[in-house]
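The structure under discussion appears below in the form of structure tokens.
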């Protein structure tokens, strides 16, 4: 397992290290270079027993073991791109049939064979989903959609009233030909439900027919699935209970957007499957996900002490850093390890795209606090329809900027790795996603956290529900029109906190809800609130 240690000052030693550590997949045309991370041979060797256990755990996960004990669930996103891995014949058949259905439906919509109830082809897609149900589709569209290819996409991925107004307002005049896709695993998540109700109101007011334009992606027999069945929606697709939102991009959640813009979704799945195969190799030096996970571990001392800065040098991948934020941070950001010890694990992720970032925060990366490692992503193949003007090729400049930033960071002792793709298409996107999925899974095993649950998210949902319940009771107290301070409101309720009630009243009075505020906003304890 010998290779030279990192050397910023000796180019020949560093070249040898580059050659020794470079990983390449010929069919995918994909390279991984971790030579500028500070991982050394003795550290990789010391990690090997833990990595062997991680390989075993990943093998058991793929074979159908309960990998999420909190919810007694299997974790099967790897089965989606290789149904033969699924633990039963019924499941293998179901997964394969689902891909066939998605492909056929997408083709029918794109080619105008599946029409809106008005009898004309669909013109737009309104996609309603939160978290992975929004980020995965957004990545698919931004990364793979070409001009005039498939249908335009519009996203409701939040409950911001202004954002919803802008998106829905932009569909004015086309609601009758808009395909509306609602994604909710349980069918009970508030954000997609609220977005769906707002979209339905606008669509029906414009003369559209909801059932003939609505598609659901949800678990079988969920609240949303039952509604879609009862109302005879246009189409329903499965969101399996063994697929988490952050790893759902190779399910209907990611495949349907791809199909609706005319992508080859089977190539996307094939790329993910190829990378899955490459990352099953039980030799860290020949396994790109293991090299990444080991590099992350050593860089952050096994405690997540360095952030991951994602720098893709392609506009198509500008959403990728946000996609990785959820994949990495929701998977690894845990208070407890599997043994119940308080560990506060995690890796913070941020980024945008090159070379834009060189004119933004790269200044700090080069000269500021050394608390990160960078991940460069590049594509070699340039678009042929951008001409050479005055002997200037945009792609040459982009490559020069990437190499220059990489060199500047390395000279400053800042760790970085680079993923290079010969070209970028559905297959490479699938491979890229699968590479990070496996690296996250292996790293989770190295630090002994459950990478497949999200108790913090659930805690946030419960806290939000409590606030909404408190708001309802605050409004009931104020029905009598008597002005009260927040403390007096709390005393009537015998519940809540003054600060929470103040936040609620500030929100209510900031909108046309017939609530009044008297007093000085800079002295909240003395403010009095009432209803007309």
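Each Cβ is built from the backbone N, Cα and C atoms, and glycine gets one as well.
According to Swiss-Prot, the feature active site, proton donor maps to 330. When secondary structure is read from DSSP and collapsed to three states, residue 330 (active site, proton donor) falls in the helix class. Within 10 Å of the Cβ of residue 330 (active site, proton donor) there are 23 other Cβ atoms, across all protein chains.
Annotation for residue 359 (active site): no spatial neighbours, criterion Cβ-Cβ under 8 Å with sequence separation of six or more. For 359 (among others), the entry in Swiss-Prot reads active site.
Sequence-distant neighbours of residue 461 (active site) (same chain, six or more apart, CB under 8 Å from its CB) are absent. If you look up Swiss-Prot, you'll see 461 (among others) marked as active site.
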